[in-house]
Structure formats: C-alpha cells, structure tokens
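S.K.: Below is the structure I would like to discuss, written out as structure tokens.
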Amino acid sequence: MFFPGSLATTLKIECIVEQTYGPWWQSLHRTMLRGILGKTFRLVGYTIQYACIAHCAFEYVGGVVMCSGPSMEPTIQNSDIVCAENLSRHFYGIQRGDIVIAKSPSDPKSNICKRVIGLEGDKILTSRPSDFFKSHNYVPTGHVWLEGDNLQNSTDSRYYGPVPYGLIRGRIFFKVSQVILKSSKANQTRPR
C-alpha cells in the first residue's frame, strides 16, 4: 500500500512519467528548472550590482536634494531642488561662500543646508551688529562655521558652534528648480 507523499509514491509517479513520456521529459524538466533558476540568480545578481553602483554614486559622487525651510532664503527657497556633489568634501575642496549639505549637529537624523562662512583658523564675529560688546570665535582645526542666508530665521553655527568637517555631506553646485521655473515661464502664452 502506498501513502501520498511517501518515497514509494514518488518513485511510482516518476516511473509512470518515465514510461509514459520517456527520458526527454526529464531532460526538458531539468532544462526548464535550470533556465528559471539561472534567470532568477542573474536578476538577483544584477539587482545587487546596480544597488552597489547607485550607493557609491550617491555617497561619493553626488545626488539631487530637495531643501526645505526658510534659513537659506532668498538664495534657496523652501522646496527648491538642488544638485550636490560629494567630491569636494573628500578632497577638502570646500571654500568660504560655498553652500553645503551637512548632517545637523543637534539632530543627526536630519540634514541642513547652510553657507560656509569660515574655515579652520578663521576669526568669526558672533555678536549681532546692535550689541555693544563684540565677541569673536575662532574656528578650530577640522571644523567649519556655517550660517544660513536668512540670519533672522536660521539655526546655524551661532547656535551650535563650529561644525566638524566630517559632517559635511556635499557642496551644492546647481539649482534645478530655477531652471524649471525659467523654462515654464518661457513656455507660457501671454493673453492678448
């Protein structure tokens, strides 16, 4: 007596299939299985390769970033899209006046977009123009001084001090939304 799923039942079914269809069935079955497994492994392999390439490109070359918040107005408006390159930070190519993307020193889960005001060794005026006593800070080695263009509405190095150079993620080199707005205005028709 044969039980379903037992070895004897499986052997009996294989014998019936072999007698009915012959060895070509087994060859076809193996070929199909190899083809399906081969395609699946190739797809997984290509997916892993492309994911590694994308990771390296975004980590070391650059990427597209959407900036939010009013701290960089009027230079960068809320929800502006910018392109950032990451090579400058690796080769210490960050200069005074550059706009950078950095990890926030007060909240490491978020990024900030600020202008580089001072590099290591620079003397920075940290008091307001209306203050009677002027105070200065020196930017220590391995740090930069970051401030937003909208000084009245920016949390920056005046609040949390000099930012370590290692927190800089990239330098902004192109503002995408400005190009899009100019092209969309050019395509608009004027009423007559």
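Placed from the backbone N, Cα and C atoms, the Cβ positions cover glycine too.
Quick paste from TrEMBL:
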ACT_SITE  Ser71  active site
ACT_SITE  Lys114  active site
DOMAIN    46-124  domain 'Peptidase S26'
DOMAIN    133-175  domain 'Peptidase S26'
S.K.: Rounded to an integer, what is the Cα-Cα distance in Å between Lys114 (active site) and Ser71 (active site)?
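M.R.: One finds 8 Å between the Cα atoms of these residues.
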S.K.: Looking at the domain 'Peptidase S26' (46-124) alone, can you tell me the average pLDDT?
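M.R.: That stretch averages a pLDDT of 88.
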S.K.: Taking the Cβ of Ser71 (active site) as centre, how many other Cβ atoms lie within 10 Å?
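M.R.: Cβ-Cβ neighbours of Ser71 (active site) within 10 Å number 22.
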S.K.: With DSSP, how much of the domain 'Peptidase S26' (133-175) is helix, how much strand and how much coil, in residues?
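M.R.: Across the domain 'Peptidase S26' (133-175), DSSP assigns the residues as follows: 10 helix, 18 strand, 15 coil.
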S.K.: Could you give the number of helix, strand and coil residues in the domain 'Peptidase S26' (46-124) as assigned by DSSP?
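M.R.: Summed over the domain 'Peptidase S26' (46-124), the classes give 20 helix, 27 strand, 32 coil.
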S.K.: Across all chains shown, how many C-beta atoms besides its own are within 10 angstroms of the C-beta of Lys114 (active site)?
M.R.: 25
